[in-house]
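First comes the structure, then the notes that go with it.
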Amino acid sequence: MMVMAAFVWAGMVAGISFLEAPVKFTAPHVTLEIGLGIGRLVFGYLNKVELVLCAAVFLGALYSQSTGKVWLWVLSLTSLLLLQSFWLLPALDVRALAILAGQDPGESVLHLVYVALEIVKLVLLLSTGCMVFVAALKQEQQLRYKKFSV
């Protein structure tokens, strides 16, 4: 369950943050306002799905009695997601609403911070999924060896 949740989550982050988000602004007739409206909606829903997948990864770590290294990665992912959920996404939403209202919110590095955190999150997700998958394979091999050596 943990491996599946990590890889599904990684796929969603890669597909939405690194494909859908930049591509939508290259589509014909998509204005900044339309793109921002779509982005607010898509990233709002993505965040809700991410929270569910994060809970699945966390519960998987609890259930599988994960090592300290796995817990470090899982807690890092959880912290990163909570930071995005309760600080960064609301701050970006305020900026988007200001732009949609015709205001100029001024320069900000928030979007770059979000992209940087998405890169870190993707690396953590892929690393966690691979680490847990390899550990499960090793455990399976050990069980097979014990079964045939008795």
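The backbone N, Cα and C atoms fix where each Cβ goes, and this holds for glycine too.
Here the transmembrane segment (43-63) has Cβ contacts under 8 Å with residues 1-3, 5-6, 8-9, 12-13, 16-17, 21, 70-71, 74, 77-78, 81, 84-85, 89, 92-93, 128, 132 of the same chain, all six or more residues outside its ends. Here TrEMBL flags 43-63 (among others) as transmembrane segment.
Taken from TrEMBL, the feature transmembrane segment applies to 70-89 (among others).
Listed as Cβ neighbours of the transmembrane segment (109-137) (distance under 8 Å, sequence separation of 6 or more from its ends, same chain) are residues 2-3, 6-7, 9-10, 13-14, 17-18, 57, 60, 64, 66-67, 69-70, 73-74, 76-77, 80-81, 83-84, 88-89, 91-92, 95. Annotation comment: TrEMBL describes 109-137 (among others) as transmembrane segment.
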